[in-house]
Each structure stands twice: as C-alpha cells, then as structure tokens.
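Student: Quick one: the structure is below, and I'll ask about it shortly.
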Amino acid sequence: MGRRYFGTDGIRGKVGDAPITPDFVLRLGYAAGKVLASAPGRAASGARPTVLIGKDTRVSGYMLEAALEAGFSAAGVDVMLAGPMPTPGVAYLTRALRLSAGVVISASHNPYHDNGIKFFSADGNKLPDETEAEIEAWLDKSLDCAPSDGLGKARRLDDAAGRYIEFCKSTFPAAFDLRGMKLVVDCAHGAAYQVAPHVFHELGADVIPIGVAPNGFNINDGVGATAPDALMRAVRANHADLGIALDGDADRLLVVDHTGRLYNGDELLYVLVKDRIATNGQVEGAVGTLMTNLAVEVALKDAGVQFVRAAVGDRYVLEQLRERGWQLGAEGSGHILSLDRHSTGDGIVSALLVLAALKRSGKTLAQMLEGVTLFPQKLINVRMKPGADWKGSDAIRRAIGSAEQALAGSGRVLIRASGTEPVLRVMVEARHAADANHHAEAIADAVKQATA
C-alpha cells in the first residue's frame with residue numbers, strides 16, 4: 001500500500017488544509033516519537049529519545065513547532081529547539097549531537113502559506129521508506145499520553161547557529177581564505193539569514209547580504225534561488241565578484257558571476273567534478289536527473305566520467321550515489337550533493353566547494369565551463385482531463401518518435417506526468433532553440449488533441 005502522507009521530501013501542503021494542521025502535526029509528533037522509542041536497542045538501553053526541531057522563517061512555524069513539541073512530549077520524547085536553522089544544519093546537528101532524530105519545519109522554496117515536516121535519522125540522512133510507513137501506521141492508533149513522570153522535556157539549543165557555522169567553515173580548505181573577495185549572499189528571507197553571511201564573512205569575504213529581513217510572510221518572495229534576478233542586479237550594482245543564492249531552507253544553491261550571469265546546478269556539478277579530477281586525478285561517476293542538460297552529460301563523458309540520470313528529486317540522486325559509491329550529484333534547480341562533505345544537500349557548503357574550486361584553479365566560472373554550452377530546453381505543461389490515457393495514444397507516440405528521430409544524437413525528448421495535478425510535462429532539448437520549440441509544440445499539440 002502506498003504512503004498516505006509522506007512524499008519524496010516529507011509531508012507538505014498549504015497551512016490550515018490537511019495534513020498541515022496543528023491537530024495532525026501534534027499526532028505526527030506523537031507517532032514519530034513512539035516509533036523512535038521502539039527503535040532496536042532503545043527500549044533495552046532505557047535511554048529517553050531526544051529529537052532536534054529546526055524551522056525556517058514562515059509565520060506558521062511557531063504553531064507547528066508547538067504542536068510537534070507537544071506530540072513528542074506526550075510520547076515520552078525529549079525535544080531540543082534550534083529555532084530558524086537551514087535544513088542541512090538540522091541534519092548536521094542531529095548527527096553531531098548523537099540525537100535520535102531531527103525534524104525540519106519548512107516548505108523549502110514554496111511561498112509562505114505552505115509548510116511541511118521532514119525528518120532525519122540519527123545519522124543525518126532522510127528517513128527510510130519503512131520508517132515513514134511505521135510512522136503512518138502509528139497515526140491510526142489512539143494517542144495515549146505518557147504519565148507525568150514519563151513526559152518528554154523541551155529545551156532550546158542556544159548555540160545551534162554557531163555550531164553549524166563552524167561545521168560549514170570546516171568544509172573549506174584550511175590553506176585558502178576569501179580575503180579580497182566581495183560576495184553578495186541572498187538568503188531568501190529564509191532559514192539561513194542568521195548563518196550564511198557569517199560563514200563567508202568569517203572566512204574573510206566582504207559580504208553584502210540580501211534577503212535577510214524575514215517577517216514571516218516574505219520567504220522566497222522575489223529573492224533567493226527561485227527568483228535570482230534580485231541577486232543578479234545586486235552583483236552588478238555592487239561590482240561583486242560572485243553572488244550566492246539560497247532558497248528558503250538553504251538546501252539549494254545558484255551562483256551568479258561578476259558579469260551577472262547565472263549558473264545552475266547542472267553547471268555547478270560540472271565545475272565540482274572538474275575540480276575533483278584536477279585534485280584527485282579521476283572521478284568515477286556523477287549523478288544528475290532526467291532533467292539534467294544533455295550538454296553537461298556529454299561534457300562529463302568526454303572527461304571520462306560516467307553519468308547516471310536519477311528520477312527528479314534529490315532523494316533519488318542520493319539513492320543512486322549510495323548505490324554506486326560515488327560522491328557528487330546534483331539537480332539543475334540547485335540541490336547539490338557532495339557525500340564526502342555532508343549527508344544531504346547543503347547550499348552553503350556547496351557554495352564553499354565552488355569557491356574552493358575557483359581558488360584552486362585560478363579561473364572564473366565561465367573559464368571552468370569553457371566549451372560547455374547548455375542546450376536550449378523547451379518545457380510545455382499540457383493540462384489533461386484527470387485519468388486521460390496519454391500513453392495509449394498512437395498520435396502522441398508518433399509525435400514523440402518523429403522528434404526523437406529528428407534529434408538523434410543532438411537532443412532528447414522527455415515526457416512525464418505531474419504527480420500532483422492532471423498535467424503532462426513535455427520537455428524537448430536540442431542544440432538549437434528553434435528545434436526544441438518546434439518539436440515540443442508538435443508533441444504538445446498531439447497531447448491536447450488526443451486527451452481533449
């Protein structure tokens with residue numbers, strides 16, 4: 001049976017609509033607490049489980065934090081509160097403090113009226129599917145509050161930000177610093193606003209922070225990795241060397257160079273792989289997704305690096321990396337994984353890896369990507385009737401086949417259904433924008449006619 005609440009990145013939705021309601025989140029905390037308390041070795045040791053709760057800057061975070069805390073306490077689980085903290089910061093602190101689990105209250109790059117809950121295991125990794133299934137099973141049981149002498153306690157982790165800042169700095173080579181560099185750092189009015197500027201400043205950079213005035217309602221609003229125009233303008237206006245864009249929970253990274261040019265996760269993955277080759281002699285392989293630009297795949301293979309495409313979602317990139325024992329993977333949206341540095345995607349750490357690569361090479365980003373020109377992509381979202389059988393359409397198959405034949409060796413076609421709405425996403429990639437547009441529109445027209 002499929003999971004009812006957990007998606008690929010925890011539980012997410014609009015605040016006030018099920019399941020992001022205070023009563024459900026309280027029960028979720030209780031259910032998760034009971035699963036933690038019954039973990040192998042926990043009952044035998046008699047030790048009380050302790051979880052860390054962090055959040056981003058959405059106004060609803062206060063309400064959901066209180067609900068989670070109450071649920072965990074009712075299950076007999078102690079709670080440590082980190083306050084506003086990037087998602088990767090919660091993952092790190094959970095592991096570093098030897099806690100039972102970490103919980104993040106965030107909807108990442110979504111607007112303020114959405115929120116979500118995601119969990120990390122004791123080792124700083126996202127929960128396995130079977131543990132999420134156990135939590136869902138407990139949600140169906142009655143909430144039996146622990147006796148007063150068995151209730152969990154809560155306390156604030158006062159030095160959470162400082163601990164995470166030091167961790168981030170430790171991933172930057174000791175032989176380097178950022179003196180003489182002017183950086184614009186866009187924190188998206190999100191979880192990194194008290195952390196990211198300090199990391200780069202303490203490494204010596206002249207930091208110009210933007211997106212650091214959260215009010216509960218402005219997270220990701222015209223700033224951050226989902227709206228990089230603000231950063232591009234700020235870099236040019238301040239004559240900065242580089243701009244760093246994070247999203248609301250700081251697990252994504254986009255970079256802007258001194259000219260205002262934007263670099264996405266695909267391009268940054270190539271830069272990091274090339275840096276590892278220069279440093280270590282070789283990189284066996286890297287992981288992208290179905291959406292990774294074909295030009296990056298071609299360039300990596302030309303460099304002798306195997307390339308594997310995972311399903312869309314950093315969870316699936318991580319699965320492929322672990323399966324193969326590789327270190328580097330990314331999504332074009334800016335989720336970058338470097339498993340020898342962190343167990344999860346970390347925008348700040350990824351930025352430091354890019355800066356270290358530039359320091360080592362003595363090159364600019366444009367120079368490191370010389371010869372790699374991203375293929376134009378055309379994406380068309382076609383709305384269909386719910387349940388429409390697009391896979392059974394001969395007309396759609398013919399349109400796809402015609403495009404693939406025309407683009408053989410110089411482009412690709414990707415058709416996938418949305419998991420949240422009756423929409424078919426048609427993406428065509430080609431060396432020339434006109435070809436991508438032509439074939440995408442032809443396929444989209446076939447879909448519209450076949451599913452009308």
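FYI, residue positions are counted from 1 along the chain as it appears here.
Note: Cβ is positioned from N, Cα and C throughout, glycine not excepted.
Annotation comment: Swiss-Prot describes S108 as active site, phosphoserine intermediate, evidence class sequence analysis. The feature Mg(2+) binding site is assigned by Swiss-Prot to S108, D247, D249, D251, with sequence analysis given as support. Summarising the annotation, Swiss-Prot assigns phosphoserine to S108 and lists sequence analysis as the type of evidence.
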Student: If you count Cβ atoms within 10 Å of the Cβ of D249 (Mg(2+) binding site), leaving out that atom itself, what do you get?
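Tutor: Excluding its own Cβ, D249 (Mg(2+) binding site) sees 34 Cβ atoms within 10 Å.
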Student: Roughly how many Å lie between the Cα atoms of D251 (Mg(2+) binding site) and S108 (active site, phosphoserine intermediate), rounded to a whole value?
Tutor: 8
Student: When you measure from the Cβ of D247 (Mg(2+) binding site), how many other Cβ atoms are you left with inside 10 Å?
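Tutor: Around the Cβ of D247 (Mg(2+) binding site), 33 other Cβ atoms lie within 10 Å.
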Student: Distance between D249 (Mg(2+) binding site) and S108 (active site, phosphoserine intermediate) at the Cα atoms, whole Å?
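Tutor: Distance between the two Cα atoms comes out at 5 Å.
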Student: Under 8 Å Cβ-Cβ from S108 (active site, phosphoserine intermediate), six or more apart in the same chain: what's there?
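Tutor: Correct list: D9, T87, G116, D247, G248, D249, D251, R252.
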Student: So, in DSSP terms, is D251 (Mg(2+) binding site) helix, strand, or coil?
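Tutor: SS state of D251 (Mg(2+) binding site) = coil.
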Student: So how many other Cβ atoms are close to D251 (Mg(2+) binding site), meaning within 10 Å of its Cβ?
Tutor: 32
